[in-house]
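Peer 1: There's a structure below that I have some questions on.
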Amino acid sequence: MSTGPDVKATVEDLSNDGNLNMAQEECSRKGFCSVRHGLALILQLCNFSIYTQQMNLSIAIPAMVNNTAPPSQPNASTERPSTDSQDYWNETLKEFKAMAPAYDWSPEIQGIILSSLNYGSFLAPIPSGYVAGIFGAKYVVGAGLFISSFLTLFIPLAANAGVALLIVLRIVQGIAQVMVLTGQYSIWVKWAPPLERSQLTTIAGSGSMLGSFIVLLIGGLLCQTIGWPYVFYIFGGIGCACCLLWFPLVYDDPVNHPFISAGEKRYIVCSLAQQDCSPGWSLPIRAMIKSLPLWAILVSYFCEYWLFYIIMAYTPTYISSVLQANLRDSGILSALPFVVGCICIILGGLLADFLLSRKILRLITIRKLFTAIGVLLPSVILVSLPWVRSSHSMTMTFLVLSSAISSFCESGALVNFLDIAPRYTGFLKGLLQVFAHIAGAISPTAAGFFISQDSEFGWRNVFLLSAAVNISGLVFYLIFGRADVQDWAKEQIFTHL
């Protein structure tokens with residue numbers, strides 16, 4: 001990791017050569033072929049792996065709690081002519097499925113298991129973010145990715161051993177996933193030019209939606225064909241393979257990257273020359289506690305992730321129970337909102353940077369506008385869902401629209417912490433993850449309680465409560481949100497506990 005004096009010397013050398021404009025033009029022509037965009041794509045793949053591991057239990061749990069034993073179900077295709085190879089394949093599938101046990105878990109137990117991923121994860125974000133900010137994110141993120149992927153391979157064995165062991169494994173896995181989701185933002189402090197911050201973070205973040213889309217698309221099919229344990233084996237293996245890509249290709253600082261061009265290195269370093277990105281060992285805790293702009297982001301994180309975790313955990317269940325879809329079709333339908341959300345996250349980041357670079361809107365206006373759009377419209381749409389449940393097409397349209405529009409928050413309040421305190425990005429992301437995971441620990445459990453009390457009105461109450469929480473957070477953010485670097489985040493300000 002580069003030291004503060006080394007980086008400052010590099011900035012001075014690069015700034016004094018008078019070639020900043022040339023570097024900007026060169027990097028503008030390179031576009032998505034740049035190393036920084038390649039880094040965003042690698043992080044997208046890491047987020048893809050982490051979110052497939054977060055979502056795989058949501059898609060597998062209907063198969064884990066239901067005995068789908070007679071092999072010839074009414075909705076199975078039995079009219080095709082039988083061949084020897086097809087008979088052999090069907091017998092092989094039956095052998096695989098016979099190895100997949102089913103468990104007698106109540107809706108309350110299912111809610112606890114789904115929420116357990118977040119039970120211990122609120123302990124890890126702050127230390128992970130702080131360590132990643134001081135020592136670099138490469139090994140923090142890489143270690144978290146490997147641990148989470150390795151433990152995913154053992155979920156079927158833990159489920160067979162008992163609910164308690166499964167919950168413990170999920171808690172440890174959640175802590176490892178926090179290391180990835182928190183530590184990666186420290187990379188952008190030294191890699192993301194201010195005018196490209198939204199697009200780079202949203203490209204990386206879109207991996208969450210892409211991962212959810214893929215696991216929902218094929219997870220149900222895997223459960224119905226070769227059995228639910230292979231959902232964990234396949235996506236755990238993919239995560240382990242991603243580690244082989246992460247360690248040799250990712251560096252914490254463009255100054256030390258062996259493959260980056262001189263022009264791109266010059267452009268990145270000079271664009272960040274006026275921004276104090278050097279991490280501080282000491283933290284201005286008292287000033288942070290008194291900072292209303294920081295509290296606006298914290299509250300917004302809690303409220304927006306309240307709804308996000310409900311959608312992540314219960315979209316397959318909602319579609320299978322309300323639309324009466326089988327496991328395979330439920331997974332395919334559940335995947336649609338996520339693939340649209342993946343595309344819209346990237347488009348939202350590009351639009352935000354376009355509005356900022358052309359000076360059409362101020363940065364704070366962009367952050368608040370995108371947050372308002374991403375909260376208000378999805379809240380209205382989700383509250384309306386129970387009244388269109390009789391129409392399958394309208395239900396799916398509403399779910400897709402909600403996911404697409406809510407993705408605008410990724411270029412709003414959810415990235416705002418990079419604006420107000422770049423020096424403390426790692427620590428603040430960890431703090432924000434604590435609020436997000438507290439919401440994730442509460443909301444699926446609350447949703448499971450409402451649904452178990454009343455299957456007809458339970459969903460309506462879940463959506464009403466989520467909308468109320470979301471809009472409350474929006475109002476607080478619109479009043480107190482800011483986008484300028486705060487005094488306590490500047491180098492000359494030191495107010496410690």
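Cβ atoms here come from the backbone N, Cα and C positions, even for glycine.
What TrEMBL says about a protein is an automatic prediction, not a curated fact.
The domain 'Major facilitator superfamily (MFS) profile' annotation in TrEMBL covers 39-485. Sequence annotations record features per position, and here TrEMBL assigns transmembrane segment to 139-159, 165-188, 200-222, 228-251, 292-312, 332-357, 369-388, 394-418, 430-451, 457-480.
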Peer 1: For the transmembrane segment (430-451), what are the same-chain contacts with Cβ under 8 Å, counting residues 6+ beyond its ends?
Peer 2: 107-108, 110-112, 114-115, 117-119, 121-122, 124-130, 174, 178, 181-182, 297-299, 301-303, 305-310, 313-314, 317, 417, 458-459, 461-462, 465-466
Peer 1: Across the domain 'Major facilitator superfamily (MFS) profile' (39-485), what is the average pLDDT of the model, as a whole number?
Peer 2: 83
Peer 1: Looking at the transmembrane segment (292-312) and the transmembrane segment (394-418), are there 3+ C-beta pairs under 8 A, with each pair at least 6 apart in sequence?
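Peer 2: When sequence-distant Cβ pairs are counted, the transmembrane segment (394-418) touches the transmembrane segment (292-312), since at least 3 lie under 8 Å.
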Peer 1: Taking residues 6+ outside the transmembrane segment (394-418), which of them lie with a CB under 8 Å of any CB in it?
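Peer 2: Long-range Cβ neighbours of the transmembrane segment (394-418): 185, 188-189, 192, 197-198, 201-202, 205, 209, 294, 296-297, 300-301, 304, 307-308, 311, 315, 319, 322-323, 333, 336-338, 340-341, 343-345, 348-349, 351-352, 366-375, 377-378, 381-382, 384-385, 388, 425, 428-429, 432, 477, 481, 483.
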Peer 1: Which range out of 165-188, 200-222, 228-251 gives the transmembrane segment (332-357) the most CB pairs under 8 Å?
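Peer 2: Of the candidates 165-188, 200-222, 228-251, 200-222 scores highest.
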